[in-house]
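Inspection log for the structure reproduced underneath, given as structure tokens.
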């Protein structure tokens, strides 16, 4: 009955409102074809002018019947038709404000033009967005509207600006646009036809706040939005996923913070020479330092505990390698301004018996200050002169240093480095004519001291005694503790040092410490010799060392060695100084020669003998008999008639002659 009554009202108002129907539906049928209802499209009935219907209705009941009909019947058909089109426009039906699901009295009492303007969606084009960024007025008072049958009003939520950074709000029309999509269309990065998947966020404007979360998430995943973000990201360095989501941008910012802390922490540990890794990646100094540095930043601490793969050894080595390359680039940038270069190279083996070829670069800066920079260790395939020469050429090539600027190079005395015909210095001389080779003066001094230690029995026996005492006492914690307890209350305590063949400045220190603590050494050796808990072979070794320590000759050797090696090691430290000069080196060599020649005088030897006699008396050492019997060579073994110069073969005179 309601349906029939509704059609009765429509037929009664057919003539006076037919023109309005055709304008609303877009149908261009002539007025003479009023009898042909089949030519009128279905949407002409769905979108019938509500103002005209309100004029025909005579009572509230008729208004309700008409509105319910077009809302439940015709309106449902309109929704079905719109749902078949692009999904971006399906919210237009919900954008019509309503108070209680019925038609508003103000709309029903207005004319056709005013209602059409109120119900049609506000349109906005992509060109309306600014170039400097989306407009996001967080403090703006957003207007509220009702949607559908809801009894409350909804408005734009300012929190959406933080959740979706691409939202551009238009105050004049209370709509939202996608800034990225509109900017891409405006700049011609994507075609306007490709913006169909962008929906109302691209053209027309979005205002259905009831479905804001759903539609914004859907738009973020649309083909139009992803393509726009990729095209815009190509124009600048902003990460694509940071543009897609604010949450990802925050996560990236936290990751950058943790990565910067990791770089700075490894830089600190590497500079100070501290250990980095423990038993695993969640152990060691580096891990504990990162936990301390992220204590005040909960987000960084959570990210570190959740993504701790950056603490692994592979990432640590990669970061250290990047830092090493950065240091090298800084050195090269400073060295390239120098007109000449110098090179120091030497090779040695590490604990794994791998050859390590080290290189140092000498140059002067713009203030003519001498600089010596370590360039790194390089694994050479072998130690031949050809291989080491190719390593040096490859080093200069990779560091972008012209080899023709190499004017000086310093190596040790090995034949593969200092060989006159096929050594590295000879090959570099052919590549760099006019360059100068210098044999390492410190290495030359060490070679002389080693030769003295081998050829002079007094010095070699003394060095062997110092090394044996150091090894016996230091190899056990119990013996070391016993040695420390052997010092008197007024005696200065000192620890023993072993001799190292590659450390040129420890011989004098090791000899001096044994001489100063000679009483404690004697007492410790005597106690250890009587200890039955020590193995027999070790006690025999300790007994031999004790027997040698109880001789005055050992003390004389300690005093002589200390007098010889102390000035030599002072010169060695000067030669190793970073700012040493040629004039300073020559002066040191001249002074050292004078000091060594002074030790060979009679007064110097007598002073050393006096010190030996005093120490022997203090420690109960056995000195030789001063009345040495002179022994002449039998005449049958002599081939000359000249008088023989009789020289004592034992005792103090023999010590003086040997020294």
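From the backbone N, Cα and C atoms, a Cβ is placed for every residue, glycine too.
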Annotated range (TrEMBL: region 'Disordered') out of 73-103, 166-196, 197-227:
73-103
Labelled region 'Disordered' by TrEMBL, one stretch among 5-27, 28-50, 120-142. Can you tell me which?
120-142
How many of the residues that make up the domain 'DUF4371' (300-423) does DSSP mark as helix, as strand and as coil?
55 helix, 35 strand, 34 coil
